[in-house]
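Reviewing the structure listed below.
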């Protein structure tokens with residue numbers, strides 16, 4: 001009887017998979033909104049930090065990035081500020097976009113059962129405060145906020161194990177046909193972009209679909 005009840009409850013759990021790269025301002029916006037939706041609708045978020053450059057190359061997207069297209073970048077900065085104002089959060093561009101080290105840190109936070117907190121802290125530092133993701137002191141700042149052993153965290157993000165896990169998750173994302181960030185999945189349904197979150201909200205509000 002207890003087993004049946006547990007299986008029934010498991011089927012009611014709604015899980016949204018969230019693929020992101022800390023270099024992405026649109027992922028920062030999406031993370032903020034997705035966290036609010038998770039509170040409102042009671043679903044769980046499964047986080048995946050991936051290498052956006054590798055994902056784009058995998059589908060043949062080898063053109064210049066938005067950062068290299070000055071006219072487009074000028075517009076995107078305006079658009080991003082509009083979204084930030086809508087969400088009532090700050091948005092400050094960092095000095096660079098070298099996100100690999102902090103991306104790998106997600107897989108340390110998983111062992112600490114603090115993935116959501118880690119993602120929020122790093123996004124707020126990089127895009128809320130404009131701190132460069134490769135700033136030498138950023139791991140110490142994150143460790144302090146989360147109550148972690150700084151040395152253990154720094155050792156992990158410099159380890160081969162962290163790189164292997166990061167590469168594995170990026171490859172798995174490519175296999176799942178992820179081509180950009182932010183990308184969200186509810187079951188087999190995929191949405192790409194911060195501006196598609198209203199569609200995800202409609203889906204979450206209408207069906208008890210688990211993410212397995």
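Including glycine, each Cβ sits where the backbone N, Cα and C put it.
Fair warning: this is a prediction, and the values are worked out from it, not measured in the lab.
Around the Cβ of residue 24 (active site, nucleophile), a 10 Å sphere holds 21 further Cβ atoms from the protein chains shown. Feature annotation from Swiss-Prot assigns active site, nucleophile to 24.
Annotation comment: Swiss-Prot describes 24, 181, 192, 193, 194, 195 as glutathione binding site, evidence class similarity to another entry. Proximity of residue 193 (glutathione binding site) to non-local residues of its own chain (separation of 6 or more, Cβ distance below 8 Å) is seen for 26, 30, 180, 182, given in sequence order.
In the three-state DSSP reading, residue 56 (substrate binding site) counts as helix. As annotated by Swiss-Prot, substrate binding site applies to 56, 66, 67, 97, with the evidence given as similarity to another entry.
Note on proximity: among 24, 181, 192, 194, 195, the recorded positions of the record, the Cα nearest residue 56 (substrate binding site) is that of 181. In the three-state DSSP scheme, residue 193 (glutathione binding site) is classed as coil. Of the candidate recorded positions, 24, 66, 67, 97, the one lying closest to residue 195 (glutathione binding site) when CA atoms are compared is 24.
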